[in-house]
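Below is one structure, written out as C-alpha cells; comments come after it.
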C-alpha cells in the first residue's frame, strides 16, 4: 500500500496488526474445474487464503501440492494444499492486470497448483484458481493540482453550474471518492456554493453561482475545496480553488451529439484521425469561435491522443496497444474565445480494436515429479503411455480470433498435448505434454520436442518453444520391424515356392536377446498360403494365387528374441495380387433378344448389353464390335448401347441376328462372343389392299335368290401384323335398300332381303376395308352385283359396269332407276321376249365358236392393236322418252352421310373417274369405251386381282432409298387413285413400290363379256 505521511503510518500499524489475527471471511466456489477465493489486499505474511484439500475435497496425505503459478505473492503447503500470503504484500493498485481497471471492475490474481499422487505413478492433476483482491482504503484522494482555477464570466445568472476538476483515488468502490466540501471566506460565502452530482458512479463536483459577479469590483476569489473517500477511517485532501471572474459571454458552445463513440485499431500510425467532435456557438466574433481541448484526461489518453483545437479532430499521438489499454474514455471541452469564454463538454469512448500483433507465447515447465533443469526433462523408458513430462501454457495477448491459438507438437516424436484444464480461457490454454507410446532407450535416447503455437489471425502469427526429453534406460526391448507395414506387389498365377518378400526385424538388445526367430501368425484367411524362413525372414508362396478370387492378403509376421522371458515384435504384411489377363470378357447373358418398333429414326437405341471382365486395369477395358459388320447396327463402347444404322421396316425384315464381339485390352487380348436378335415390332404403316374381286368385275345374282344366300366374298390383306392386320369390312354406300350385308370379319356379302322386281339391275356396293391399328388405315373396293332373271346381254352388263366406274361414289347405283315406269315398258318387254330367246341362242353359238377359236389361237388380243368402240344399249323403251323419264323419274336414293375422310376419298375418286353428268343426260344411249387409255383411272390397277381379266400385271421395282412402306395395291392416304400418266388423278404423299404395265391380252373385250356372261349363267343355274 501507499502512505501519506508519518501521521498515516501510525494509523496503519495497529490496523494491520488487527487484520493479522482476524481471518477474513473466504468465499469460494468451484465452477467447471476452477477455484475462486476472495481476500483483501495488504494482508500480512502467512495469512491463510484457503485450503485446497479441505475446500475441494482433496486428500490431505500421500499427495504433493506444488504452486505452479502465483509467486511471489503466494505459497502453498506441500502436504495440505493450504495457500498463504508471503513477505511480498498483495497491493491491488500495483498488480499489473489491475492497473487500468475501470470503477467497479474486480481485480483477480491467478494461481495454479499441481497435485501429484506419491503412492501411484500417475500424471499430476492441475488446479487453476483466482483470488479476487478486495480493495482497502490505503490511498488518499488527490486533486490534479494544489491550485485549481475556474474562470466564470461576470453577470453569470444565479444557479449556473461550473464543473470543478475531479480528484483521483486509486482505491475503488466505497474506498474511492464519495464526497466534496467547499469552504469559502466571508466575502465569497454568499456568492458560491457546491453541488456534487453523480455520473456513471463518479462524483462530479460543481460550483454553483449564488450571486451576481462583477469583474470590475473583484476579479477573483480564493476558496478551499476538500475531497473525502469512503474508507474507514476516511482519507481526505484539500486544494485551493481560485475563481477568476471573466467578461460576459452569454452563449456556450453546444455539441452536435450528446456523446461520441468510435473504434480505433491498435498500432494505428501517429497522425491517424480517429473521429471529429463538432460544436456550434450562437455567438459571433471571438465569442463564437470555438477551441477544443481534452478535459481531465488520464495519463494513457494524454500520451496516446491529441485534438486539433480548431477542427475538433482527434489524432493518434502515440503507439496504441490494446493489450495495455482496451478503451479510452475522456471528455472533450469546447470553449469559445469570448472575453468571458463559455464551454461545454462531451463524453467520448474510443474502443481499441485488436490487431494480430502479438504472437502466441509458449511456456514449458515441469509438472509433478518430473522436474526440468536448463530446459531438459528426464523420464524413465518404462513409464506408461500418457505420462506427463511437462505443463505447456499457451497464451496470446490479443483477443477474439486473434487470440484463438492452435498448439501442436511438431515433428515425429512420441508426444502429444492433452488439455490440462476443463475451463480454458480464450487467450490462455494449458496442456499436458504426455507420451503417446512406450519409450525405448535403445532406439532413441533423447527427443527434442518442439511445441508450435499458431493463432487464428490474418496473417497468422506463431511461436515455438522446445524441450529436450532424455530417456532413462531399462531392459525392456522387443524385436522391431522396420517398417511395421510391408506392402508388396505379387503376380497371380505364380509358381509354388516363389518368393514374396523379405521381412527384417532388429532388436536393440545384444547377444542372445537379439537373436531372432521369424514366424507367421496364421489366421483362417491366409492359412496354408504363405510360409516364412524362421532364420532369414523370407516369405514364400505355398499355393497359386488368383487375383479374381482375392486381390489382397494381409497377415502378421512375428520376430521373437531368445531372451528369457522372450520378447516378440510383429509386423503386418500386405500382399497386393497383380492382375494377369487370364479372364475372357463375359457378357451378362448367354444371348440377347430385343424388340423394337419399326420406323424408329436412324441411330436409335435398340438394346443394351452388359459385359464384364474379371481382370483389372487395361486387361479389363473391353471394346465391343458387331459381327458381321454389314452396316445395319453399331454399338457404343462404354454404354453397351446397340444403335440401328438405318430405320427398320418390319415388312421388309422382321428380325435381325448378329454377334457381338468383346475384346479386352490385355496383351495378348482375349475375346468372347454373344448372339443378338433384334425383333422388329409392327406399326400400322400399311393400309389393307383388296385381293379379290377387282373393281371392274361383277357378280350376277338371280332375282329368285333366297335371302341369306351368299353373294360374293371380299378378300383383302394387310402386310402389317397383329391388330394392325386385323381387318373390318363394312358397306359405306351403294346399299340404299339394305339388300346386302357384309360380315365385318371375313368380308362375306350375303343377301339380306328378298329381291323384288324393282331391285333388278346393277348394284354397286362401296366396301370399306379398315384395319384395327391406331390410328386405323383403310381402303375402298367396288363390288358390282347384277340382279336379273336372265343374263344374256353381256354388252349391257359391261356398259353398266363401265358406267359405274365413271359414276360419282356419292350417287347410288342400286337396281333399275326406271322401275316406276316399268308398266309403261312391260308391253315392249313381252313383245321382245321371243327375240331375246333367239338372241340367246345366237350368243351360245357364238360363245362355242369363239371358245373353239380361243383354243386354236392362244391369244386373240395384240398389244397396241386398236379396237373399235362397241356401243350398245340396254333395254329399249320408247324412243325419245328414256332420257326424259330419267330426268323426271325419281332420283336414286341418296346415300348415308360419310365420314370426313370418306367424303374426301369419294371426292378424289370421283375426280379420278372424271364423270360427265351432262353426257349422261344428253342421250338415251350410253356410249362407253370398252378399252380405256393407259392414263385412265382403274381401281383394278390397285388390287391383286383373281378376276378372269388379265389386262394388268404387277411388276416389282426396286424401291428408292427415300421411299418407305409404299403399299402395292392400297389406295393412297388421300383415298385417291394413283396411276401413271393420269393428269386428273389426285396426288398423294406416298407412291407405290410397284408399277403396272399392259401385257398382251389373251382375250378381246367381247370375249371377256362372253366369259362373264357364262359366269353369270352358271351362277343363275
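Note that Cβ sites are derived from N, Cα and C of the backbone, with glycine treated the same way.
Among the features that TrEMBL reports, signal peptide is placed at 1-33.
On the 0 to 100 pLDDT scale, the domain 'Cadherin' (31-143) averages 85 in the predicted structure. Taken from TrEMBL, the feature domain 'Cadherin' covers 31-143 (among others).
According to TrEMBL, the domain 'Cadherin' annotation covers 144-255 (among others).
Helix, strand and coil residue tallies for the domain 'Cadherin' (256-362), in that order: 10 helix, 49 strand, 48 coil [DSSP]. The domain 'Cadherin' annotation in TrEMBL covers 256-362 (among others).
If you look up TrEMBL, you'll see 371-481 (among others) marked as domain 'Cadherin'.
Per TrEMBL, domain 'Cadherin' is recorded for 482-587 (among others).
Taken from TrEMBL, the feature domain 'Cadherin' applies to 588-690 (among others).
The annotation domain 'Cadherin' is assigned in TrEMBL to 711-819 (among others).
What TrEMBL records for 828-849 is transmembrane segment.
Positions annotated as region 'Disordered' by TrEMBL: 868-907 (among others).
Annotation comment: TrEMBL describes 876-893 as compositional bias 'Basic residues'.
TrEMBL lists 925-967 (among others) with the feature region 'Disordered'.
Marked as compositional bias 'Low complexity' by TrEMBL: 945-963.
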Going by DSSP assignments with H, G and I as helix and E and B as strand, what are the residue counts for the domain 'Cadherin' (144-255)? 3 helix, 57 strand, 52 coil
What counts of helix, strand and coil residues does DSSP assign across the domain 'Cadherin' (588-690)? 4 helix, 49 strand, 50 coil
